[in-house]
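Straight from TrEMBL, the features:
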ACT_SITE  D51  active site, nucleophile
BINDING   Y104  substrate binding site
DOMAIN    138-238  domain 'Pseudouridine synthase I TruA alpha/beta'
Amino acid sequence: MTTKLVLEYDGGPFAGWALQPGLRTVAAEVVNALSIVLRQPVDLVVAGRTDRGVHALGQVVSYAGPPPILRGVNAVLPDEIVVLSAEVADPEFSARHDARTRSYMYRVLARRTPSAFERGRSLWWPHRVDFEALQACAAALVGTHDFTAFTPTETYHRRFTRDVLSARWERHGDVLEFHIEADSFMRNMNRILIGTMLEVAEERRTLDDFLSLLDGAPRSRAGKTAPPYGLYLKGVSYGPGRRPRN
């Protein structure tokens with residue numbers, strides 16, 4: 001029997017998703033809670049490994065075993081992690097390799113003063129913002145591009161081309177939200193995109209310069225990596241077939 005779980009979590013208190021000896025991670029807390037409730041060892045497969053400080057609204061995991069009772073597993077989990085749903089999946093289902101697309105959101109607080117309530121939830125940006133420039137950058141991302149410039153030089157990735165299905169900026173008062181959906185993402189890709197697009201919005205970089213980065217430019221030409229706490233894994237979509245790895 002294979003179970004599919006959908007989780008949400010506040011990534012702030014954790015050293016990322018992946019199990020790491022001696023560190024508090026999201027995976028460690030979930031494995032511990034499931035092992036207690038199910039009374040058996042659990043080996044999780046995750047749709048997307050989030051880094052330290054990154055949040056999730058719709059993370060997906062799978063494992064061999066029965067689904068837990070939601071009330072029971074959520075009672076054992078820390079308050080920062082919640083299991084939203086649990087269901088029996090196809091025996092061959094893999095949260096990672098069966099994923100067709102993943103979607104992320106990045107939140108930017110664009111105003112002169114910081115916010116006591118947005119701290120750890122969005123990037124405070126007290127600088128100039130040309131919103132139309134941000135929208136133009138997002139529109140340019142849609143399609144197939146070589147995103148080498150948007151991942152660290154030292155990387156495990158073998159494939160740098162990604163297919164972006166949608167990308168857009170939304171304004172909600174002082175909060176700007178960047179939404180993107182793609183077949184897969186590379187390490188730090190979204191955060192480097194944010195740092196680079198904000199340079200365009202502040203007129204420290206031209207739109208043409210941004211466009212030139214989408215064809216395999218080196219990492220050194222792109223902008224800074226935005227902090228992790230503004231980034232959210234929104235969800236994962238599934239369908240027939242499997243995606244290539246890395």
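Easy rule for this one: first residue shown is 1, then count along the chain.
The backbone N, Cα and C atoms fix where each Cβ goes, and this holds for glycine too.
Keep in mind the model is a prediction, meaning the values are calculated, not measured.
In this structure, the recorded positions under consideration are D51, Y104, and the one with the smallest number of other Cβ atoms within 10 Å of its Cβ is D51.
Taking CA atoms as the reference points, Y104 (substrate binding site) and the residue listed as 'active site, nucleophile' are 13 Å apart. On the 0 to 100 pLDDT scale, the domain 'Pseudouridine synthase I TruA alpha/beta' (138-238) averages 96 in the predicted structure.
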